[in-house]
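Comments concern the structure below.
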Amino acid sequence: MKSPSPVDPESPSSPDCKGGSSSKRRRLPWRMTMSLAYQSLGVVYGDLSTSPLYVYKAAFAEDIQHSETNEEILGVLSFVFWTLTLVPLLKYVCVVLRADDNGEGGTFALYSLLCRHARAALLPPGGGGGGGEPGDEDQFLDAGADKKAAANGNALALSGRGGGGGAAAGVRRLLERHKVLQRVLLVLALVGTCMVIGDGVLTPAISVFSAVSGLELSMEKHQHKYVEVPIACFVLVCLFCLQHYGTHRVGFLFAPIVITWLLCISMIGVYNIVHWEPNVYRALSPYYMYKFLKKTQRGGWMSLGGILLCITGSEAMFADLGHFNQLSIQIAFTCMVYPSLILAYMGQAAYLCKHHIIESDYRIGFYVSVPEKIRWPVLAIAILAAVVGSQAVITGTFSMIKQCTALGCFPRVKIVHTSDKVHGQIYIPEINWILMILCLAITIGFRDTKHLGNASGLAVITVMLVTTCLMSLVIVLCWHKSIFLAFGFIIFFGTIEALYFSASLIKFREGAWVPIVLAFIFMAIMCIWHYGTIKKYEFDLQNKVSINWLLGLSPNLGIVRVRGIGLIHTELDSGIPAIFSHFVTNLPAFHQVLIFLCIKNVPIPHVSPEERFLVGRIGPKEYRIYRCIVRYGYHDVHKDDQEFEKELVCSVAEFIRSGAAAAADAAASSKPKNVCGGGAEESEKEEEERMSVIPSGSIRMMEEDGGAGAPSSEDTVGGSGSGSGRGSSRGGGGAREIMSPSPSPPPVVVAPRKRVRFVLPAASPRPDAGVREELQELMDAREAGMAFILGHSYVKAKSGSSFFRRLVINFCYDFLRRNSRGPNYAVTIPHASTLEVGMIYYV
């Protein structure tokens, strides 16, 4: 256990200077890497592998026509080849995958990585970021943490902020000093997140609709238009209705389905190349892109909105990085996905080079290039592959919503873990049904691949542009590379993506308005929730009660201490929340052991159990008042209430036993009390300095029913060693136990609800009398039960506020609060043990 020292509650571990975790960068065995590469084909590449279903159809929708010179089809193939080569292969596989945040990827991972290397966080403090206020202690790497890292010789902890040369230092200072730039950074991350959510609506629609559209070549045209949309909607409804069962039961089929699909389209491509046009490889020359744009001009530029669909799903390589590793994703793409897609697109182009006559029922698309004898089996495989690709996008949307909720940027929703083995497999009921309704509405409303492609393309390219912008900052701030390299990265890839973005945006009235509207709605929800949460925290910060107020409570004020443990939730990691003073003022009593619990969702993926709990003491030890800060990463799974209660009590017991409490008391007594106006602040500073990291598992707590009986007398040693005469310790073969006394025989009318004993580590020294007395009182309180005091705040705009603030706070934020779930820690708390304290916050 670490000794009491200035500990930053927002920085549980030292970030790697490159953003990756050492555990993730360890080289895995070759067999395991290949197994992960195989699995990634079904999870990561389902969406990307189904893009040949609709790319040519979207590119030749109306903007350009297929002529006998083949310049159009060869130009489109050239654009497809170089887009696949430059964006997924060069940008993502070679560069972006290296910018992981402790093994995790995605837009928020890049944002969290940047915030840890510069004081640029504007996330709600209870949800993973500093409030951004001057002097706020909730920063990722404060001066105290830097001193501690330097004292421990940990250069890596300082490398995130201290090194990097003039360019990194200059960019860091620019971000830290200008709130506008910090807001721009947060807005970029939120825009990318909103577009990912929009992609979760559009990708299932276009993938399933395009797969089902193969029926147009197998039936009459007047019959097809009445069959295509109902079948697509039926498949989509089944897909969303099965989400709550999870994917672990059928997940083993995902990789074989995608592999079968990739082999199928690549073999069809080879057949078409050999049979129709072996010289189609000429289109791999960039010269054909120039010829294409020169001939088609504005029509060719607008057709780029359909061509960019060839890279839809590329962002999943980075977003799903946490489930695999960098090498496995690179192997799967370069060895299987990339060559299969190139062969598929070349095969379609080879077929179209020899088929120029456009009949009344003829459309350029994937299925026209499939030999008629195998068209039905290919149709079945295509539908299965589209379902797999859609499933991956839906799961990714759930994961993104979970990250936003954990970081305080989205209203709380119900998160169901569908697998006991894989923590990333989650299901969010509210989001699932919203996605289904929107997906069905778009499918029924558009009924056309062209409009669906325009909508999906804009969402895809916007996310990629956001990644490019954030990645250029990572190159400077986190990798400490030259600023010219960062400029080169953003200019090269930004120019390519801006070209596609402009081609998509110009089709606003033809479907591209959908992702913009969806992003605006989700962006408004996120901004309103973020604004209301920040204002609520600022009210807590400004109205918190000094520790001296709590220490001044004396028996003559009528304060009563009752048996048990009182667990008071607060979003503050220092001081006393205003809601507790409100509670004590109206009900002058609190428990014999009081724990102020602060749950922090920090902007890193995972917090190790050894660094999860921070424990400190408030006031003299006779008060039995503690503060506990529990830190979770945005991918951590919250435990159930019973397990959490045990770990919480054990962390306090370990704090008492290990000597950290004695060291904290000595540190407190050695400092003179400040009785001037700044005494409260000084006391809070001293208290924060006494916070200690408590590793889990040092002390185990055993609980038995009250009637289980006392241990035998020969197992009990030193029964009165505690000074109070109530505790006993038992020596075993490998551990020492401190037990509560046996329940008394018949005069006792009400037996304790449970008997508690702490099992100490085998090598631990015998605790002294003061420690035993404090542990004994903690055991007595645990036996009496634990009560949860939860604040229920109503946020209202204060009088004199502007109309806009009253609209946002009194109506929009209040509506979101009333329709969101309660905090995660409160979901499984027994209602009989919960006391809610209501208070109105005027902000």
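Backbone N, Cα and C atoms are what each Cβ position is placed from, and that goes for glycine too.
Within the listed segments 35-55, 350-370, 581-601, Swiss-Prot records transmembrane segment for the stretch 35-55. Per Swiss-Prot, TRP376 and VAL474 occupy opposite sides of the membrane [differing topological domain names]. If you look at the transmembrane segment (184-204), the same-chain residues 6 or more away from its ends with a CB under 8 A from one of its CBs are 47, 107-108, 110-111, 114, 120, 122-123, 175, 236, 239, 312-313, 315, 319, 389-390, 393-394, 396-397, 400-401, 403-404, 409, 435, 438-439, 442, 452, 455-456, 459-460, 462-463, 466-467, 469-470, 473, 514-515, 518-519, 522-523, 526-527.
For the transmembrane segment (226-246), the residues of the chain that approach it from at least six positions outside its boundaries are 204-205, 208-209, 212-213, 215-216, 219, 383, 387, 390-391, 394, 416, 418-419, 425, 427, 429, 432-433, 435-436, 439-440, 443-444, 447, judged by C-beta separation under 8 angstroms. Counted over residue pairs separated by six or more positions, the transmembrane segment (250-270) shares fewer than 3 Cβ pairs under 8 angstroms with the transmembrane segment (452-472), which leaves the two as not touching. For the transmembrane segment (426-446), the partner stretch with the highest count of Cβ pairs under 8 angstroms, out of 35-55, 73-93, 299-319, 378-398, 452-472, is 378-398. Beyond its flanks by at least six residues, the transmembrane segment (73-93) meets 48, 55-56, 59-60, 66, 280, 282-289, 291-293, 295-296, 300, 303-304, 307-308, 310-311, 314-315, 317-318, 329-330, 333-334, 338, 341-342, 345-346, 349, 352-353, 464, 468, 493, 496-497, 500 of its own chain at Cβ-Cβ distances under 8 Å. Break the topological domain 'Vacuolar' (271-298) down by DSSP state and the numbers are 23 helix, 0 strand, 5 coil. Long-range contacts of the topological domain 'Vacuolar' (506-510) within the same chain: residues 302, 305, 450-451, 454, 458, 516, each at least 6 residues beyond the stretch ends and with a Cβ under 8 Å from a Cβ of the stretch. If you look at the transmembrane segment (299-319), the same-chain residues 6 or more away from its ends with a CB under 8 A from one of its CBs are 44-49, 51-52, 54-55, 57-61, 63-64, 72, 75-76, 79-80, 83-84, 87-88, 92-93, 96-97, 105-107, 196, 199, 203, 292-293, 329, 333, 341, 345, 389, 392-393, 396, 399-400, 450, 453-454, 456-458, 460-461, 463-464, 467, 499-500, 502-504, 506-507, 512. Sequence-remote contacts of a segment are chain residues at least 6 beyond its ends whose Cβ falls under 8 Å from one of its Cβ atoms, and for the topological domain 'Vacuolar' (447-451) they are 54, 57-58, 61-62, 206, 209-210, 213, 228-229, 306, 365, 510-511.
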